[in-house]
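Presented below is the structure to which this report refers.
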């Protein structure tokens, strides 16, 4: 039973007093009698009836109801929702306005047809979706479970919908939890159960849940009838990682409740026979349903622009109606005396005044011209976007075979935003890297152990990369980077040395096997778990073992170790137990290894602490060495393993070795003690090899495997103890008192244990070096011990810098020994924090900070996180596409910088500005210094101070194209502390301006809040389109802030995916998603929206021009049936198909020419001037389509509809031909829809004209179309008018493609010229690799040859014309697949460097060229040809002549004249390109022609 705590009444009106809602809720058992009931049986029966009626405790029951409508509420509720869209309100208003007799233009019922049709389609879709939800709800609500019945005194089967808060539920293995349940009993002897949360967050690794304190010690089975405790917990919320509360027993004692005690709805019980719990939250109050908010809705940039243009159309509609109203009023005033000839007077003989007639005319024109607002545009956009999402999901190139996952489109309405991204913000760990940690190096007590053998072993797992073999020796690398540690400096560093490759290039089979296993365990491949020990460290471990073996029967065992050996011992103990790793068996992957020792439970109260740590208990409570040895022999690990075969077919059986073989150990010259324990290890090797570790963090698994390599083996973890297997000492069981988990603020985790050898309370801490080094106990320089500790810390810090410089992730390991008094004092405050319901997180945080102080440094580790496949190539392609990439990581600065070099985010020959500051004043000074340096290098001036906004010089959305004096823009590296200062209000403008001038930005040690603040800053200040990509929970905030959020389903769960708009398996798929699908989606939608605006404007223009011939009386010459259904039926399907299937550029051209992506960034397809040009063209076409039929039928005896029907026919044909001009890729569906539209129009017209004999007397459309089909003038007019109307657009498109083409038009021209030969030219600037000669056959099986037209003059720039010759395969190229790179050069072997400046491409000429001939064009701010490759020679244009020969020849002449002008104007600017002669190649290894924003010619 649950009751709300009484709250104070708030003042209010009489009769409407309301209580302030409390922050907690009280839950009681439903089996208890209600308060005030005298008869328990009667009270119980009453409570049972209340529960069955679904009103128990007046709270929501467990019934799931996701439907929005009922049979009675569907129509009004759905209409109410649809009328929230302004367009629907507008069209309904117009339809209702048509019911006014004085202003109606159409039949009232007919005017409602379009809007009713749109509303009906939307309503039917909503009804179907709601019905699907109803079926799903019914299925879930009628699932069964066991609920305890008071009347029957046993568990009975009931439906999920019959469960209420306060019920006791019993779940068996593999059953799904029906509600949020507090765990009170488990069949596990340790009070544990394992759950799978895949249905909740997508994570397949099992999680442990613990029985509430006080119930796990019960010997007998839990009886719900005896449960009388009261539960106080927090209100329902959607935080899956948080649950706070307490349970109050009859004796008044409280026990804290945490998320480990809560079983969430939707999770599945695994590896536990049965559990019992009480329902805390039911139905829609459960955390799962509170998190189920449905698909995210965002409004795309194109949609926002479209809404603005719709407003312009509304304004244009008002202006046209107002113009007609004024014209009609003036016309009435002028012909006042002749009004009786054309106006029917009223019954009293009076007539309308000019003003009144003008007002009526205004309203009537609003109705007539309503088509100007595209009624079907929004529905068409939804259909096109749904189809785009479908095709993206069906792209097999976005499927990852290794992880068996594919791209997911979670946001259905921002697909076009993928084609307009300007800034990418990326996490590092798990996004650019694999997040599969491999132990590489460590330092203990100031001594470094390089693990060279382990490095050599890892090298065998990756292929040799010839381009990255030149590595500077480690010492030089360290010395050069030694200055990185300064915290208040700004440096411009020229990177000269190479970095070690971090790319994993092992076999695909191994990678696939490892990824399959990674779904269930943290690390499973041999590369990641088989650690080769360092001989020196192994010798230290052996020496430590000898000392412990000699003193094994003495009391103070660890006191016999030297300080160095003691640190070694504690170092590996900390690696083993300072984590949350769960031990499992491969035979039963979901079965925890249990070797239970009879130890006392964890400390939960002060009384328990006093009893536990009295002197008598300290001597008798700990296990002796002899007993530990006995435990080792009596509790064989193999006996605890089930003998049943594995039921998980997806998991592979892994054989894990325990350390080195005995022969290898003996060969190192170890003592006989080492031989003895080595022989013992060999005996238990078969059982120990069956261990498997499941870790929530990859770092933890790597460290546990590293400790295992040194024979410190984690064999068991329970909620109150951790067992470790050691040589000679056997199995040590550490009592686990507390676990202080990792969080992004503390950046560390700690465990509090009682040591079995000393009975001391130890705190082991591991975390980031930036925080742990500051928590160490102060050292005195007076005594020798203090000086020694300072020396150790200094050495450790130097080694940490070495590890970070090599790209390794660093962690520091520390320890603290607590006295009894210190622990008692801390425990009291910690228990108070645990039992607090308000500010519990803050209190626990402060409690952890008080404990993690005065630490003793043990050592540090370096873990390698390898780059994902294809990351450098993807970053290079994205940069060529004009995208600026920022990496926001929480890693150490040196580590992040090294990874940035490895993934080509930073280049070795570029300048790097490193910004580290210790205060806000220092950060401001450093920013000013950086800005001065930027100005001195020839970049833009510093921003001026503005109010609330960045300077106007920030108006450019794309990254600046200006470069430094050395030709490259610098990169910026900033640490987390400096970033916090830079994000302050008074410094953010300077920081943003500096970052905008940099080629790359790397933010290190950044928190999740800082990540989101950086994204928000760029998005709001620069008005740029942003994309954030990450894989972990710490990336959720920036993913949600960005315009487009992309999540990666990696090692850290599915939180990022659940918060994202799109989910990709790996980072490399971002290239295809943006450059290909993003460009296509934007281009299709932009052109479709423009076409809808054009089509409606052109059709409205026909009606508007007619007003000049009818006195602006709002009359129409087109039948109202055509007016109503023309845009809705006859002309809506072809643009829809084009919007779904059109491809302006083939896939291979886009992928090999990322520069084409810039068209979307610059909004070339849809910008304001394009919109108004389109509207002007529509007005011209409407004038032509009106004038020619008017002249053709002038002075004829045809009636109004006979003249209007050819106009409608001409409009339809003009629309389709216009669409044909704008369509880039024609498919059979395009032809079918166009033919269907024409056929449908004539069919409807013939049927309608034949059946409508007396529709609109006296002028009726009877037999109109039949008569026109027999008139030659009709055919002549329908043929001539569309050609005349479209001639200017056709001429402009042809002229534009030949004189001033855009990059996209050039790419399309090459594709249209020869699909078989277009791939080679466009790939000459794709990736910058050169072959040995032009006749070399590549992996694709094609050979590229070069040639030039024979008619080309020798003085003209040589243009390559390529052809593909395939041996044994078809001659055509599959345009749906990316084409491999081919080159057009001969006789070259050295690769030519690529141009990295934005807007530049590389052209390699096949002809001879002087040494180092380069022409760099200045940016003009306008998108122009990629290179001279696309500007064809003068006479080669004759080959492009299409059916419109006059236009093509005129374009050729203009191109010839323009070429000569350019050649004359640039005489002497660039080096001439020599004419082609035979097979002569270039005379050097690096001959290229750089063509920028403007196309230049060299003589």
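Note: Cβ is positioned from N, Cα and C throughout, glycine not excepted.
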| message | Per the topological domains given in Swiss-Prot, are residue 108 and residue 1143 together on one face of the membrane? | response | no
Per Swiss-Prot: ATP is bound by 427, 428, 429, 700, 742, 766, 889, 890, 891, 1005, 1011, 1034, 1035, and from 809, 850, 1072 the site also lists 809
Which range is transmembrane segment per Swiss-Prot? Of 1268-1292, 1293-1317, 1318-1342, 1343-1367, it is 1268-1292
Transmembrane segment per Swiss-Prot, picked from 1171-1192, 1369-1390, 1391-1412, 1413-1434, is residues 1171-1192
Near the topological domain 'Cytoplasmic' (1223-1228) in space but 6 or more residues beyond its ends, with Cβ under 8 Å, are 1137-1138, 1141-1145, 1308
What DSSP gives for residue 1035 (Mg(2+) binding site), in three states, is helix
Most Cβ pairs under 8 Å to the transmembrane segment (363-384), of 87-106, 1120-1140, 1171-1192, 1268-1292, goes to 87-106
Ranked by how many other Cβ atoms lie within 10 Å of their Cβ, the binding-site residues 809, 1005 are led by 809
A correct count of other C-beta atoms within 10 Å of the C-beta of residue 1035 (Mg(2+) binding site) gives 32
For residue 890 (ATP binding site), the nonlocal same-chain Cβ neighbours (under 8 Å, six or more residues apart) come out as 429, 744, 747, 976, 1004, 1005, 1006, 1007, 1034
Relative to the transmembrane segment (1171-1192), the stretch among 1088-1108, 1200-1222, 1229-1249 with the most Cβ pairs under 8 Å is 1088-1108
Residue counts for the topological domain 'Exoplasmic loop' (107-110) under DSSP, helix then strand then coil, are 3 helix, 0 strand, 1 coil
Same-chain residues at least 6 beyond the ends of the topological domain 'Exoplasmic loop' (107-110) with CB under 8 Å of its CB atoms are 98-99, 1120-1121, 1124
Reading the DSSP string in three states, the entry for residue 427 (ATP binding site) is coil
Binding-site residues 427, 742, 809 vs residue 1035 (Mg(2+) binding site), shortest C-alpha separation belongs to 427
In DSSP terms, the topological domain 'Exoplasmic loop' (1193-1199) comprises 0 helix, 0 strand, 7 coil
In DSSP terms, the topological domain 'Cytoplasmic' (1223-1228) comprises 1 helix, 0 strand, 5 coil
If contact means at least 3 Cβ pairs within less than 8 Å, sequence distance 6 or more, would you call the transmembrane segment (1120-1140) and the transmembrane segment (1268-1292) in contact? no
